[in-house]
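A.B. asks: So Swiss-Prot lists these for the protein:
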- 16-36: transmembrane segment (TRANSMEM)
- 58-78: transmembrane segment (TRANSMEM)
- 93-113: transmembrane segment (TRANSMEM)
- 124-144: transmembrane segment (TRANSMEM)
- 153-173: transmembrane segment (TRANSMEM)
- 176-196: transmembrane segment (TRANSMEM)
- 199-219: transmembrane segment (TRANSMEM)
- 257-277: transmembrane segment (TRANSMEM)
- 295-315: transmembrane segment (TRANSMEM)
- 328-348: transmembrane segment (TRANSMEM)
- 362-382: transmembrane segment (TRANSMEM)
Amino acid sequence: MDTITSFLKKESSAGILLIIVTVLALILQNSFLSAAYTSFLHTPVEIRFGALHIAKPLLLWVNDGLMAIFFFLIGLEVKREVMEGHLSSLKQITLPGIAAVGGMIVPALIFILFNKGESFAMNGWAIPTATDIAFALGILSLLGPRVPLSLKIFLMALSIIDDLGAIVIIALFYTTDLSTLSITVAAISLAILFIMNRMDVAIKSAYIVIGIILWVSVLKSGVHATLAGVALAFMIPMESKNKKGNRFSMAKEMEHDLHYWVAFLILPLFAFVNAGVDLKGISLEAMSGPVPLGVMLGLFVGKQAGVFGFSWLAIKMGMASLPKESSWMMLYGVSVLTGIGFTMSLFVDSLAYDDTQIYHYADKLAILLGSFLSAATGYLILRMQKNKNVES
C-alpha cells in the first residue's frame, strides 16, 4: 500500500511538471522567442570514438537517446510485474489485458476510418493507441484516496500492457532499412547480456557498458534505438548475490534509481522539445483534416470506447470481475483517462511522420487536445462519482 501511494504521489508531481513544460514550449514557439526555441531543438550534438561517429540534433538525441532510458524503465517495470507483481497470474492480468487490447484496436480503427487510402497519413495509425501513464495516474492521484486502490492497480496494469503493446508496434511497424553488421553486433551484445544474466553476474557497470554498445548498434541498425532499452531491461537479473553473498534485486534497484530521473528530467525534457506546436500556422480547416480528426477522436472517443467496451464484455462474459469497491461509472471514468496519450502519442507521432511538419503541427495539436479532453472529462466523471460517495 505504501509503495503504491508513494508511486502515485510521485507521478502526480511529474504530471504537473509535464503540464508546465508543455505550456512553456507552446509559449516559446508562439512568441518572439520562437527562433531561439527552434535553434535549441536543432543544436548539433556529436560523439566521436575512433571510427564511431554519431551526429544528431538535440531533438533526436532526446527522442532516440533519453527515451531509450525511459523504455529501459518500462522494461524493468514490465519484468517485475510479470514475475511477481500485478501481471503475475492469469486472474490478475485478464481484465487489464483485455482492456488494453480494446484500447489499442478501437482508436486504430477510428484513425484508419478517417485516413484509409492515404498511404503517408496511414503511418500514424498507432498515434492514438498510446497512454501516458504519468498523466493518467497523476489525475487519479488528484482525486485522493476515495478512488479505490483496485482501480489504480487496474490503470497501472493496463498502462504497462499498453506500453508493451507500443514496444511491439514500434518494433514491427516503425523499423527502416536494416543494417546486417549493426544487427549482428546487437545480437552479440544481447547474447553476452543473456550469458551474464544466467551466470548471475551482479556488476551493474558491466550491464551498462554492454547496454550502451547494444544501443549504438541498434541505433545504426534501422531498428528504433529505444527498443535497445527494453531488450537490456529484460536481461537485468531480478535476483543476484552481492560480494558479501547476500541476495538482492538489481532490477528493482535500477528501477528505483531511475524513476525520479525519468519522471522529473527525461519525460519533461521530451515534452519540452516535442510539444512546441506553432499555433500561428494552424487553421480550423487544418484541424478538420483526416489526420488530426483521426488522432483526436481516436484518443478521446476510441480509447474510452475500446477500454470500457472490452472490459464490459469481459466482465459480462464471466472472464473477469469488476475491480473491488468500484462501480461501472468509476470504471468508465478510468477508461476515459486512458485517452491521455500525450508524451507516448507524441513519441509515436515523431516516428510515424519522421519529425516532418507536413501537417503544420495540426497532428501534434490534435494529440494535446485529445489528451486534454480525456483528462478533463475523466477527472470530472470520477469527481462526481467521488462526491456521490461522500454524500452517501
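Backbone N, Cα and C atoms are what each Cβ position is placed from, and that goes for glycine too.
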A.B. asks: Do any residues, 6 or more residues outside the transmembrane segment (124-144), come within under 8 Å Cβ-to-Cβ of it, and if so which ones?
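C.D. replies: For the transmembrane segment (124-144), the far contacts come to 7-9, 11-16, 18, 103-104, 107-108, 110-112, 115, 151-152, 155-156, 158-160, 162-163, 165-166, 169, 173-174, 263, 267, 291, 294-295, 297-299, 302-303, 334, 337-345, 347-349, 352-353, 363, 367, 370-371, 375, 378-379, 382-383, 386.
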A.B. asks: Between the stretches 16-36, 93-113, 153-173, which wins on the count of C-beta pairs under 8 angstroms to the transmembrane segment (58-78)?
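C.D. replies: Selected stretch: 153-173, with the most Cβ pairs under 8 Å.
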A.B. asks: Under 8 Å, at least 3 Cβ pairs, sequence separation 6 or more: does that hold for the transmembrane segment (153-173) versus the transmembrane segment (328-348)?
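C.D. replies: Counting Cβ pairs under 8 Å, at least 3, so yes.
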A.B. asks: List, by number or range, the same-chain residues at least 6 past the transmembrane segment (257-277) whose CB is under 8 A from its CB atoms?
C.D. replies: 7, 10-11, 13-14, 17-18, 21-22, 24-26, 28-29, 37, 41, 58-59, 62-63, 66-67, 69-70, 72-73, 76, 134, 342-343, 346-347, 350, 361, 364-365, 368
A.B. asks: Need a quick answer: max count of Cβ pairs under 8 Å to the transmembrane segment (295-315), which of 16-36, 93-113, 176-196 is it?
C.D. replies: 93-113
A.B. asks: Cβ under 8 Å to the transmembrane segment (93-113), counting only same-chain residues 6 or more beyond its ends: which ones?
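C.D. replies: Answer is 86-87, 122, 124-129, 131, 154, 157-158, 161-162, 165, 294-295, 297-299, 301-303, 305-311, 313-315, 319-321, 323, 335, 338.
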A.B. asks: Going along the chain, which residues at least six beyond the ends of the transmembrane segment (16-36) come within the CB cut-off of under 8 Å?
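C.D. replies: Apart from its flanks, the transmembrane segment (16-36) reaches 134-135, 138, 263-264, 267-269, 271-280, 342-343, 368.
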